[in-house]
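*Asks:* Dropping a structure here in structure tokens format, bear with me for questions.
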């Protein structure tokens with residue numbers, strides 16, 4: 001197999017990440033230096049982000065039979081890299097300062113997880129997808145159990161390891177069934193063969209079970225109902241910095257592949273076979289996730305259930321992906337909001353956990369009256385929560401508005417009713433956190449449990465970074481044409 005120069009350039013984001021991972025491993029082996037490893041990792045992420053502007057000049061392009069890079073892929077690689085870069089920054093200045101040893105391995109796990117995400121996004125082969133998903137799973141287990149001195153972290157890592165192993169088996173079995181009837185592992189070749197296969201009832205049944213197992217395994221990775229059982233426990237056991245990449249990059253990567261597959265399926269009207277399966281998963285996820293989030297007193301568990309509902313909203317796009325241009329636009333806008341909001345929320349928790357050792361960052365009650373002692377962090381937290389709930393003047397409203405418009409075009413009235421009901425329920429869950437922030441301080445509670453003084457917040461850089469994220473959330477919501485033009489730029493030549 002001959003690889004051309006253009007193909008190497010197209011694969012440069014993946015090659016840069018792999019090279020940086022090798023260099024970091026060598027530094028860890030010969031000379032442990034947390035600061036140098038942090039700089040190398042940050043340099044790698046920045047280099048990948050810059051390389052995207054070079055790659056966009058030659059896309060779309062097939063880089064061997066394993067990878068296909070287009071503008072759609074570049075958009076989500078950019079989101080993944082930004083999420084990983086911010087997780088790297090917050091981990092350096094926040095959580096890793098509390099660890100006694102093994103600082104450097106966190107960055108290595110972060111790199112491996114990002115490599116898995118990028119390889120999945122540009123994958124054009126079921127083998128590439130499987131290897132990438134396994135790389136994500138293995139590095140995620142390390143990220144979950146990195147705070148091994150905490151009981152919840154070990155419990156969460158064991159749960160995720162066992163369930164992830166089971167789902168990997170189902171995924172591999174589904175891939176085997178698809179290969180048995182299509183004779184190919186390439187996405188493009190499989191879709192071509194499907195047009196002939198569906199005429200045979202026997203092959204169609206095998207194909208249906210194979211694709212169904214594939215969707216179920218991906219639903220587990222996306223923590224959708226009813227494959228969500230691990231989500232709240234794993235979220236509660238992970239550090240805030242690890243959650244930045246686990247809750248954004250991993251899910252964006254998995255969803256991007258599913259979306260590309262269903263877009264191609266829609267050309268042959270094969271996606272109608274899986275209409276009911278995807279619709280049921282979507283509706284149950286958005287209702288269940290929001291209902292369970294209401295009674296949570298743990299913010300991480302609440303964000304876990306929130307992720308179930310947020311991805312549940314977006315999952316319905318898979319069955320109406322035949323309206324390709326609008327579906328791509330909706331997906332891009334919605335995932336940009338999802339990434340910004342989650343990074344902002346876990347960033348706040350990361351800053352507070354590092355600045356105040358006695359601060360229970362996971363309890364909602366710990367944030368009681370936070371506004372009166374730290375108005376900036378409270379403001380950022382409020383903006384993030386409002387964006388997740390889809391309130392106007394935030395980018396979250398833009399995402400849900402476009403999603404609703406897409407559903408209305410398809411006349412899916414039942415989904416519209418469930419969408420509105422679940423959004424109202426979700427807003428009540430987010431409002432509980434917001435109301436805690438602005439409660440008037442009381443001597444009997446506030447001063448005994450948490451005393452936050454503005455002079456203690458000495459790391460202005462992280463506070464400024466969080467403020468910038470919240471400004472972006474508002475700016476993109478007030479001026480939606482910027483977000484729309486950005487997303488259109490990536491799908492216009494998809």
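Note that Cβ sites are derived from N, Cα and C of the backbone, with glycine treated the same way.
Per Swiss-Prot, the features are:
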TRANSMEM  35-55  transmembrane segment
TRANSMEM  74-94  transmembrane segment
TRANSMEM  103-123  transmembrane segment
TRANSMEM  129-149  transmembrane segment
TRANSMEM  161-181  transmembrane segment
TRANSMEM  205-225  transmembrane segment
TRANSMEM  239-259  transmembrane segment
TRANSMEM  273-295  transmembrane segment
TRANSMEM  301-321  transmembrane segment
TRANSMEM  332-352  transmembrane segment
TRANSMEM  414-434  transmembrane segment
TRANSMEM  462-482  transmembrane segment
*Asks:* Counting only residues 6+ away from its ends, which parts of the chain sit with a Cβ under 8 Å from the transmembrane segment (273-295)?
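*Replies:* Apart from its flanks, the transmembrane segment (273-295) reaches 208, 211-212, 215, 219, 224-226, 228, 232, 302, 305-313, 315-316, 318-319, 414-415, 418-419, 421-423, 425-426, 428-429, 432.
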*Asks:* If you count every Cβ pair below 8 Å, which range out of 35-55, 103-123, 161-181, 332-352, 462-482 shares the most with the transmembrane segment (74-94)?
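*Replies:* Ranked by Cβ pairs under 8 Å, first place goes to 35-55.
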*Asks:* Is it true that the transmembrane segment (462-482) and the transmembrane segment (332-352) have 3 or more CB pairs under 8 Å, sequence gap of 6 or more?
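*Replies:* Between the transmembrane segment (332-352) and the transmembrane segment (462-482), which are separate recorded stretches, there is contact, as judged by 3 or more close Cβ pairs.
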*Asks:* So what's near the transmembrane segment (239-259) in sequence-distant terms, Cβ-Cβ under 8 Å and 6+ beyond its ends?
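*Replies:* Residues 72-73, 76, 79-80, 83-84, 86-87, 90-91, 94-95, 106, 110, 113-114, 116-118, 120-121, 123, 129, 132-133, 136, 140, 143-144, 146-147, 215, 218, 221-223, 300, 303, 307, 311, 314, 317-318, 321, 327, 331, 335, 338-339, 342-343, 346-347, 349-350, 353, 361.
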